[in-house]
Amino acid sequence: MILELDCGNSFIKWRVIHVADAVIEGGGIVDSDQALVAEVAALASVRLTGCRIVSVRSEEETDALCALIAQAFAVQAKVAHPVREMAGVRNGYDDYQRLGMDRWLAALGAFHLAKGACLVIDLGTAAKADFVSADGEHLGGYICPGMPLMRSQLRTHTRRIRYDDASAERALSSLSPGRSTVEAVERGCVLMLQGFAYTQLEQARVLWGEEFTVFLTGGDAPLVRAALPQARVVPDLVFVGLAMACPLD
């Protein structure tokens, strides 16, 4: 079995899959390396034969995680690294090594699934969009604050905005104008995300008309799902690209 890790800015997304058929044995989201080891170790009758990682962390942090995995599970982790071209997709950055690996692998996965032009909208700590043409050219993309960052900035820099996570969840029962601060903030942030997504869709239409596929991924993808009914929601899109970048037998 293979352990796959997507190490983001705030959390680690993980899953364990069978090598032969990619059936998922277990998975989750954790906020620390130690919590990751504990959750994977808790899976009954799982014996890891490999590990592959995509990380936007520093090299030192990623190396420390690899060492911890080697110690805990006796497997060597394979880390995805930037390349100029892979699987028919050409990296669109002037300095290809500067493109975030999460964005690069999501683009690889999307192009593989779409078999043509595609728009990837990834809504996590940051909101990201990337465009890949029908011939595999990565045309670039956009990054802006995601829901967690928008919410955090308002809570941190506005003294009278204080509420808990349960209140935030209840506030999203609709998107009508808020009648409390929590409703106004949460619904306003969702509308910002939806506006970001709509704008990317219009950019794609200018480029390709209607001949493209939209992919939604990331933890907050459900917040814009209803606004983009034509989109394919692929929660593990980065893992699709990771399997291509780091093949394991």
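Cβ coordinates come from backbone N, Cα and C, glycine included.
Note that the structure is a prediction, hence the values are computed from the model and not measured.
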One of THR49, THR125 listed by Swiss-Prot as binding ATP at the site of ASP6, CYS7, GLY8, ASN9, SER10, PHE11, ILE12, LYS13: THR125
May I have the list of same-chain residues other than ASP6, CYS7, GLY8, ASN9, SER10, PHE11, ILE12, LYS13, THR125 whose Cβ is within 8 Å of the Cβ centroid of the recorded ATP site, in sequence order? ILE29, VAL56, GLY124
Number of other Cβ atoms within 10 Å of the Cβ of ASP122 (K(+) binding site) across all protein chains: 27
Using the structure shown, find which entry in ASP6, SER10, ILE12, ASP102, THR125 (the recorded positions) has the sparsest Cβ neighbourhood within 10 Å. SER10
